[in-house]
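To start, the structure itself, in structure tokens.
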Amino acid sequence: GLYDNLQKYNLPEGKPESIFDIDFFKENPLPFYLLAKEIYPGNHSPTPCHRFLVLLHENNLLRRVYTQNIDGLEYLAGIPCEKIVQCHGGFSSAHCIRCNMDTDPDWLKDEILAERVPVRCISCGKEEEDSSEERKVPSFCKPRITFFGEKLPTRFSKCREEDILTERDGRCAEKIKEHEDLQKSISFLSTRVKFGLAPQSDLDNANSRLGEMEEEKKASMIQNSPCDLMLIFGTSLNVAPAALLPDEVHWSCPRVLFNREPVHIFDEPVEFRIGGDNGFRFDREDNYRDVFVQGDCDEGCEYFANLLGWTIPKILNS
């Protein structure tokens, strides 16, 4: 992965992720600028995995692509921008880390590629040069890539609410009220049975009806869940909050992991599965929705496409 190839930037030992740490960037921005020069969009081409996502879109099967990558290859592959959520931002916009003023991303790119770094803000950078006052935040400009220590783009939260956290009760108001009233009455009925004021059969019948209503609610929520299949590609699932998405998807949604090794494995049973699950259950007897496709992501996509009767187009380097 990316972190395995960062030794040349003289990062703190054992902390390759510091290249994306905002506090480290404030103190030493040069490693990130050098890396950015290498990974700016245009230096790489979309993979078969990206093209497979395009096929899903062209067949009206793609709701959204959540990517932790910042290379913009999803756009380059042809996926519409409204279908893409860059969880950690990207190179299409830029800003000053002190005043947060928007910066021309093309100008910033030219400066970085020409190694005229660090790049200072044209608005507050001059003020910094003229002032003898020591400032805690330097006027460095960077792409709107979310570093560790910065807030995620608001688009992530918005789309997450629309795509993942949308467990709505699809029943009519009368059914919902009946369900709520029954839940309240069972507690009271249990007390009456305990003191011999009501037969046990009444409580058994109420619990039986409550079970039926819970199943009706689940069925209703399935119909209102927009994500009916989650595909996860090439990730350690270690970085939150994107790593939490597989657990937040509806309990009825199948989850397929394409990866060289299994990750995020279920370890402790949960008492209730409401709106999610704690890890994948690939090899467990109670697994009903998790599939692991081991190997290279591109090969996995080729295999999946073949099962669907599709052919992933070849991409030629420009």
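Note that Cβ sites are derived from N, Cα and C of the backbone, with glycine treated the same way.
TrEMBL labels come from automatic prediction, so no person has curated them.
Pulled from TrEMBL, these are the features on record:
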DOMAIN    1-311  domain 'Deacetylase sirtuin-type'
ACT_SITE  His88  active site, proton acceptor
BINDING   Cys96, Cys99, Cys121, Cys124  Zn(2+) binding site
Next on the checklist: Measuring Cα to Cα, how far is Cys124 (Zn(2+) binding site) from His88 (active site, proton acceptor) in Å?
Outcome noted: 25
Item to check | Stretch-averaged pLDDT - the domain 'Deacetylase sirtuin-type' (1-311) | outcome: 87
Item to check | Cys121 (Zn(2+) binding site) and His88 (active site, proton acceptor), Cα-Cα, nearest whole angstrom | outcome: 22
Next on the checklist: Comparing the binding-site residues Cys99, Cys121, which residue's C-beta has the most other C-beta atoms within 10 angstroms in this structure?
Outcome noted: Cys121
